[in-house]
């Protein structure tokens, strides 16, 4: 203990010389988000600023941080002072509670639609003309097809990808063993395992590696309509997963900084009509059913299963599939042989 | 020397065809490994025209990243330079126990993976880390704030000035300083008028190296930065962010700025070496 | 000389040594010791499992093998470059000489993006290699390329001064004794530069083993195949597995210490011979 306390004293001296000032205004929010929401939140922050000023407040400053969902959650747990988190999956948000007790247990029921103001699903992106004839999940397991998807251990989107494929196999082939075999086949076809969703999009779009890219629907639309017009096609699989990226206030942080009111309004406004339309503009499916109906033609209709239905919720899915010693580790070690 | 037989002369040089093949081989290797990556960055940066380039580097987030990088340099480089001079003075001018050990310790930060450096400081100062609760209680932020970035960069660039100065000052010995002291100058004056002029090129050389590595540090900063746009992104991190936003031209534009600084660095370095060489020759 | 501390008339011993040791301790020694202490919280069995998992072992293999190949390429071409720069005159030599430092001065992330742009199957160089069926980016070759790139200056800059200082008279003597040019190079010059060459080799190797920024862009990051150890550490940390990350970090630290020990002995050897 004496070493520790001496170490502590020493480090104190060090920090005193280089301490930062953190006069955080009550009018500033830090939104810690995942990769593919950059464009959406850039516009939403302006929308929210206008709304907040109309309510008779000063213009707020919203700061953004983006990265892989898991790594972003890790940063918040380690002390990145997020007022709100808008991550790729509920497990990463729940980690804030499990590892650092930053949010209460009922966080997901505090906002409508499981705290997910927008949803998405997982689709397949192929090159123009669909040269490899990809039509459904089973085509990804074929020999000679190169599949691009990020690493589910570090990327939230990749976990949705994996579970979507698993859900399909479970439905198609009926058993866990068969599903494991099927998903193993798919990962055998993966030449690059980026650590985040954005890295994977770059690999497929910019570096032109791979025949099919398992993507968030919104990322797929972005690629088709903006990154390479006419170069890609979206293939809608027969069945996929309903991806719900949840949002939450980080209670411990907002209470300490006095930003709760602002943070609550920030998240509540995500459900406003304007924000829901904006989500559609950035290719997310709106949570509001009325608005969702208006855009029926924009988003393909397909059978969507949820994580709760098929996998018994995120905690269970994480444990069975992605934790150390789970199915994904088994898949990796099988492929290496 | 002209009397030497032509065979001897022939025997200590290579035939022209060998010489030019070697030069060709070396230059091809360097072209492939040094010039092409340079060309790719500059091409990517200016492909869309100078206006786009200018817009990319005057974007508020890019400017914030440039400012942060400069702030880091202003703190890190002088601190490590002072450390370098101090330790070189102690090692070169005095005998003491453990000197060899001290010299080998200085080299260590160079060999440690930047990622491990970042990890160490998260374990120490992160909210779940050893000093995290204490820091939080006193409202101090290290990780995911500027101090954390400064500390990891300081760690990574610790050896550069010291490594240049220690052999230099050891070689110079202490006769001149002792003479100055016997003539009645005090310690500081002696350092200023005798030692500093002798080591100035070595010091400058070390500072240039330290500066170059400090502005480019990536792995360690990536772990402790938190990537808050316009706030805790240094230039290399901002490049990564742009790359992940599919803004390739902008990513290359900011890269070209760092590349330009790298080129300035090596020009300065060559000038310092050249000056230093000339000084040695006149001695 | 019997005493450990020699009396000196020069002032400033206490303050400079005190400051240096304090600075080193606070910034470097204590934090590094902190990492070791952190892993002491783990049981030996847990520690062993963390550092010997097949995926981790595969990453050591890749990191060390790729660093080894990269350093070897640098030993050959770095010595060649040093030789050409010291012995021959040609147009633009000064510029070439200065450019050698570029990998040291260029930020690693910029280098990584530049290299992947060049060597991907659509890149300036990669597309031609791909015609021959060689994939560089996202393969083990890509890792080797990145590690070769960052190690180049170390070999050139350690060999260059030794070659420059090498006295031509020895070569002349060797030649006048009837040795062929090749024999002179092999038996006279090579032994003289060998310690410096090995030092440069070890430096390039040490830097390469820990390299992160330039590699992650160009390697495929596939576990068991193209995942380097530093990336694995980051990936463990991002899954909240700090124990695992720290354990592998300790292995990396130990490797770095051993490499430095080797470098120091080599330098000692070189100075004894020089």
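For all residues, glycine too, the Cβ spot is worked out from N, Cα and C.
Here is what TrEMBL says about this protein:
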type: DOMAIN; residues: C:60-263; note: domain 'ABC transmembrane type-1'
type: TRANSMEM; residues: C:21-44; note: transmembrane segment
type: TRANSMEM; residues: C:64-86; note: transmembrane segment
type: TRANSMEM; residues: C:98-118; note: transmembrane segment
type: TRANSMEM; residues: C:130-152; note: transmembrane segment
type: TRANSMEM; residues: C:188-206; note: transmembrane segment
type: TRANSMEM; residues: C:244-263; note: transmembrane segment
Leading contact stretch, C:21-44, C:64-86, C:98-118 vs the transmembrane segment (C:188-206) - CB distance under 8 Å: C:64-86
So which of C:21-44, C:98-118, C:130-152 is most in touch with the transmembrane segment (C:244-263), counting Cβ pairs under 8 Å? C:21-44
Would you kindly check C:21-44, C:98-118, C:130-152 and say which stretch has the most C-beta pairs under 8 angstroms to the transmembrane segment (C:64-86)? C:130-152
State the residues, same chain only, that lie 6 or more residues beyond the ends of the transmembrane segment (C:98-118) and have a CB under 8 A from a CB inside it; answer 'none' if no residue qualifies. 81, 85, 124-126, 137, 142, 145-146, 149-153, 156-157, 211-218
